[in-house]
Structures are given as structure tokens and as C-alpha cells.
Amino acid sequence: MAKHLFTSESVSEGHPDKIADQISDAVLDAILAQDPKARVACETYVKTGMVLVGGEVTTSAWVDIEEITRKTVREIGYTHSDMGFDADSCAVLNAIGKQSPDINQGVDRADPAEQGAGDQGLMFGYANNETDVLMPAPITYAHALVKRQSEVRKNGTLPWLRPDAKSQVTFAYDDGKIVGIDAVVLSTQHRDDVSQADLIEGVMETIIKPVLPAQWLNKDTKFFINPTGRFVIGGPVGDCGLTGRKIIVDTYGGMARHGGGAFSGKDPSKVDRSAAYAARYVAKNIVAAGLADRCEIQVSYAIGVAEPTSISIETFGTGKVSEDLLIKLVRQHFELRPYGLTAMLDLARPIYQATAAYGHFGRNEFPWEATDKAEALRADAGL
């Protein structure tokens, strides 16, 4: 493999699309806390001075959509009208209805194990051994940059920061191995009274240098900090935000393929979300077991049918055993029917708001990041 560059981006919790994702998942969590069997599909739209929460829900729970929305926006940091978006004064519109009974009859079964998929679709899971969390380095460090921006904004280290921010990191590879970081982009919303010089110094010394490993930075690494020179207008004033519009940020930063389905606002019966989590769990355990250095798995489903319609695995020439054997091991060790994978990963509980910013993968607090199957996979592979 020749030398090449690869780039991934991330966005902060204050980015308009991420505000929408977090509100959708906050509503989902509130419902699941009361009714773990609820069916939820919650979509959010944010723009200057308003939030629209819509979707389809079937549940015995009652939740206060307006209060959940305001609390979420407040925690993100939009608390002043001079930002153009204020948790306490924005309009909150509720357009949630009931899920179609046609979907219910396809999903629900007398035997829970035979629960059908909530929709057709294809999902991918991926892992590689570039980082200790078995994730691609570009997306891992792109997330780390905007997460650090949030930390130093909230703890007052850089009091002129505001919630909206974006990062982008370009890694240089040689023969598939990382040899350095070629370029770093970080754009952050800020107060009007900070100078460009102070902003660049603060971001470099307080955000970039503490996050990016020094051994990957060199004299040729390029840094672009607020390259337009000014980022005062941001958040929902600058752009409208929608749930599900940051699916590459949410997953592998473009290094793996994506089936197209978004995650936030969806309960575990929606395989767009739950099967993508299960696919990550499978891929990570295959890499953790040493059966491949890189692994991508695809699963697909038909609405109302429990068994996956297909399972395929690609190891990009790094596999230690055949891909046919890997598929056999996956069928043997992992439950990929909707009810089974929900039980396997304990997904019917309120854990989702935390996923809605800084990536759904590579964060060990989530159950799909466990590597508890690695030893058994390795043994059964004969290694």
C-alpha cells in the first residue's frame, strides 16, 4: 500500500445537528426509563428561537417534552438570548404522534425471540487496531478535539468559547500504518471581544496540544484554527439543525461504509441503531481476538423478519482465518436477531443521550464496546 492521507471530522455538542440528536435521545431516554418496551422514533429540528420535536411513539409513559428539551439545551450551554438561542425562552413545538399499527404487527410477536426487525435495511460495523479503543485514529482524535473544546468552555479555562465547534484531522499513512498528522482544522464559536491572536494561542495550547500525541506532530503539520477569522454567529442562528444529519461523525469518520440509517431518537427495535451497535460489537471482538487487524461486517434485515437476511465480513487482507470461518463464528457466538441483540447488549434502558455527541463508538462505557467474546472467538478459531 502506498503512502496516503485520510481525514475525518467531528462536531461539538453545540453544533445544531448535534443539539437535535441530543434532544431526540433525551426524549427516548425519558420514555425508556418508564417503559422499556416503548416504540420511539423521535426527530428534532432546531432554528433561531425554536425547537420542533416530532415523530411516532407507542408507549404507556408520559414525559414532559418541553422540559426535556429546555434541560438539554441548557446543559449544552445555550443560556443567553445574545447567542440567539436560549433554553428558557425558545419556543418548543410538539408534533409527536403514534406509531403505525402496520409496523407494530410486523415487529411484535407472541414469542419475543421472534420479534421482527422494525424496518428493512443494511448496517455496518467496523474495528481496527490503530488505537487502544480499536477505532480509526482520524475520527478518534477529531472527537477528542471537540470534546476538549467543550471541557475548557464549561470549566472556564477559555471563557470566551461558545458551544458550536467543528474539528477535522488528516492522518498520513505509509503501508497502512500511521506516520503522522498532516493537517488539523479546528473552528470554534467565540465571543465577539476575543482577538484572533488570543483565540489561536488559546486553542493551540489548551485544546490541540493536550489532545494530539506529540509523536504524530512535526514541522510540516498544518494547523487551521478558525481559518475564516471570525465565528461569532453559530449554533441554530447560523444553521438549522436536524436529527440524523451527522451519521459519519457518529460512526467511523468515513473509514468504514455506512448503511444510511441514523441512530438518535430510535428505540432498540429499530435495527438502524441496534444492529449497527451489534455489528460494532462483533467487529471489535474479532479484532480484539487477533483474528484480523481490520474488520468490517455488514448485516441486513427485512421488516417483520427476525433473522438477518445476510451477514458478510471483509478483513482487507488482514485476516488470520478465512472470512467464511469468521461468519460461522459470528453466527455461533453472537445473537443478531432484534430481540436477541437487544438482550445481548442490554439496550432497553435509558443510555442514549450520552451517545448523541462525540461518537457512538470507541467509548468503553457503552456495552457494545466490550471485548468479552474475544477469548472464545480466538479459541474456536484454533489460534
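Each residue, glycine too, has its Cβ placed from N, Cα and C.
Note on Swiss-Prot: of 66-76, 99-109, 187-197, the range annotated with the feature region 'Flexible loop' is 99-109. Here the binding-site residues are HIS15, ARG230, LYS246, and the one whose Cβ sees the fewest other Cβ atoms within 10 Å is ARG230. Mean pLDDT for the region 'Flexible loop' (99-109) in the predicted structure: 64. For GLU56 (L-methionine binding site), the binding-site residues whose C-alpha atoms fall inside a 10 Å radius of its own C-alpha are GLU43, out of HIS15, GLU43, ALA165, ARG230, ASP239, LYS246.
For ALA165 (ATP binding site), the Cβ neighbour count at a 10 Å cut-off comes to 29, with all displayed protein chains included.
Nearest in space to ASP17 (Mg(2+) binding site), taking C-alpha to C-alpha distance over the binding-site residues ALA165, ASP239, LYS270, is ASP239. Non-local contacts of ASP239 (ATP binding site) by the CB criterion (under 8 A, 6+ apart in sequence, same chain) comprise PRO16. For the binding-site residues ASP17, GLU56, the ranking by surrounding Cβ atoms (within 10 Å, all protein chains) places ASP17 first.
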